[in-house]
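**Student:** This is the structure I want to talk about, given as structure tokens.
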Amino acid sequence: MTLYKLVVLGDGGVGKTALTIQLCLNHFVETYDPTIEDSYRKQVVIDQQSCMLEVLDTAGQEEYTALRDQWIRDGEGFVLVYSITSRASFTRIQKFYNQIKMVKESAHSGSPSGASYLGSPMNAPSGPPLPVPVMLVGNKSDKAVERAVSAQEGQALAKDLGCEFVEASAKNCINVEKAFYDVVRMLRQQRQQQQGGRAQDRRPTGLGPMRDRDAGPEYPKTFRPDRARHRGGIKCVIL
């Protein structure tokens, strides 16, 4: 079964954990408990195709910037979250996006600091770098009376960044699946394009025999080698 690694990024308190748990465990978490790193797995069917999602819920605090580089290196697609009730969290989205771009470009250029796992479609050994699949999510759309960021501003930022946009409510389970599933759709399209390119050009790469991406690339068992700071381990939900 094909595995997709998604990473959720954004300021603390914007609802990253609430969105992730609503997607994977189908319930809403009322209490805010700052996350360092939690990983969840869920088997889903998207457009009549079964797949496994591995969703990494990350810390938004500034002191975890170094860890964030590792999370980004290991991720394939990204869900960037801000709260519509917080202009500061919206302003910080550009910083998170720039960090994604910097880390992925470093990985593609072959920098040791940007090395990622083998088989990542985002880090092909040759050719131009592929666009990084990103979904911008304005969470807490249920708090309309507290709105500090308009939907039009969110759409404009997404256009500037070249990514998709949706407003969502983890509390009311509105557009939660769309936020994650659309990233998977982008990843699928990229993998299909890469498979088509390899069918036309099968030159040796020095990395061993060609493999079918959708047959299951080789992934590490964890997002990062240091598990000491991992609070909850991998949560696995099989539907």
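The first residue you see is number 1, and the count goes up from there.
Here the Cβ of each residue, glycine as well, is placed from N, Cα and C on the backbone.
The GTP binding site annotation in Swiss-Prot covers 13-18, 29-35, 59-60, 139-142, 169-171. Marked as compositional bias 'Basic and acidic residues' by Swiss-Prot: 199-226. Annotation comment: Swiss-Prot describes 191-227 as region 'Disordered'. Residues or ranges marked as motif 'Effector region' in Swiss-Prot (evidence: similarity to another entry): 32-40.
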**Student:** Counting Cβ neighbours within 10 Å across all chains shown, tell me which of the binding-site residues Lys16, Lys171 comes out on top.
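**Tutor:** Counting Cβ neighbours within 10 Å, the top one is Lys16.
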**Student:** With Cβ-Cβ distance below 8 Å and at least 6 positions apart along the chain, what are the contacts of Asn139 (GTP binding site)? List them in sequence order.
**Tutor:** Val14, Gly15, Ala18, Leu19, Val81, Tyr82, Ser83, Ile84, Glu167, Ala168, Ser169, Ala170
**Student:** DSSP secondary structure for Lys171 (GTP binding site), reduced to helix/strand/coil, please.
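**Tutor:** Note: Lys171 (GTP binding site) is coil by DSSP, not helix or strand.
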**Student:** Under 8 Å Cβ to Cβ from Gly13 (GTP binding site), same chain, six or more residues apart: give me those in sequence order, or none if nothing qualifies.
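**Tutor:** Set apart from Gly13 (GTP binding site) by at least 6 residues yet with Cβ under 8 Å, we have Tyr32, Gly60, Ser83, Ser86, Ser89.
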**Student:** What counts of helix, strand and coil residues does DSSP assign across the motif 'Effector region' (32-40)?
**Tutor:** 0 helix, 4 strand, 5 coil
**Student:** Using all protein chains in view, find how many other C-beta atoms are within 10 Å of the C-beta of Tyr32 (GTP binding site).
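**Tutor:** Other Cβ atoms within 10 Å of Tyr32 (GTP binding site): 11.
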**Student:** Around the Cβ of Val29 (GTP binding site), how many other Cβ atoms lie within 10 Å? Please give the count over every shown protein chain.
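**Tutor:** Other Cβ atoms within 10 Å of Val29 (GTP binding site): 16.
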**Student:** Would you count the other CB atoms within 10 A of the CB of Thr35 (GTP binding site), including those on all shown protein chains?
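**Tutor:** Excluding its own Cβ, Thr35 (GTP binding site) sees 20 Cβ atoms within 10 Å.
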